[in-house]
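Listed features, source TrEMBL:
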type	residues	note
BINDING	N12, W13, K14, G180, S220, G241, G242	substrate binding site
ACT_SITE	H104	active site, electrophile
ACT_SITE	E174	active site, proton acceptor
Amino acid sequence: MVTTRIPLIAGNWKMNLDHLQAIATVQKLAWTLRDKGHPFSEVEVAVFPPFTDLRSVQTLVGADSLDVRYGGQDLSEHDGGAYTGEISGQFLAKLDCHYVIVGHSERREYHHEDDGVVARKTAAALKHGVTPVVCVGETAADLEEHGASAVPVGQLKAVLDAVDAASDIVVAYEPVWAIGSGQAATPEQAQQVCQALRATLAEAWGDEAAARTRILYGGSVKSSNIAGFMAQKDVDGALVGGASLDPEEFAAIARFRNHVGTV
Ligand SMILES: O=C[C@H](O)COP(=O)(O)O
């Protein structure tokens, strides 16, 4: 059986762009993608705005029947109740969020989210029908001490052991040392770890799950280096931070097929 994994180009805005700026950014992104005849059925595009922007993004996407998907940058492991400041997966589902990021290294570092929390958040997203984008990755110290794959593989295992093997998830490999540094991993480094992550999926969930689950690379991705990553067998897309704030640059990343040979 041949399984086709549709590439996903995802833009994590982090704590940037208020709801007015979000409107302008999504409009510009949609206009640029349409102008370039973006083939949405061949390359999926998604944005992850701050929570306060989601309603505006939903309205724009709905009003204009845009094919751009969107999601939250985090969610609570709880469904609702006395959890001040938290956002439930069911709130995201009600806003038609297709995805939610879980376990981003910035959450792991600044909010002390460990593998247990990330696994519970993944389960919460799935419970509410929102596809989790599970982030894993090693720090520079991890890289030196354990090599590239050990930490991301361990982080992924913790999630796979906690949720059903039939689940629809996306995995994002983001070496922490490459995030926001301008120093991306090489395509070969990304492939090596993504291959190990796919093998981990096969071991935990079986070959079919490994073949259908998309694995993204993230860390200083831009239009000038995306083609190299997308040429790798086990890289199915990108989780883009800084470069996703510029709609023209983000749209150019989504046109990675046009850049083959420019890396
Ligand atoms: O979620 C996105 C990543 O943290 C990558 O960020 P970056 O593209 O700014 O390096």
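Glycine residues also receive a Cβ, built from the backbone N, Cα and C atoms like all the rest.
Curation does not apply to TrEMBL; its annotations are automatic.
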Exercise for review: Consider only the binding-site residues N12, K14, G241: which of them have a Cβ under 6 Å from an atom of ligand 1? Write none if no residue does.
Suggested key: N12, G241
Check your understanding: Given the substrate binding site residues N12, W13, K14, G180, S220, G241, G242 in the record, what is the largest Cα to Cα distance, rounded to whole Å?
Key -> 14
Study note, to complete from the structure: CA-CA within 10 A of H104 (active site, electrophile), subset of recorded positions E174, G180, G241 in residue order, equals E174
Review point. Same-chain residues six or more away whose CB lies under 8 A from the CB of G241 (substrate binding site)?
Key: G11, N12, K14, I179, G180, G218
**Study point:** Entry from the binding-site residues list N12, S220 having the most other CB atoms no farther than 10 A
**Key:** N12
Check your understanding: Near E174 (active site, proton acceptor), how many other Cβ atoms are within 10 Å of its Cβ?
Key -> 29
Check your understanding: Measuring Cα to Cα, how many angstrom lie between E174 (active site, proton acceptor) and S220 (substrate binding site)?
Key -> 10
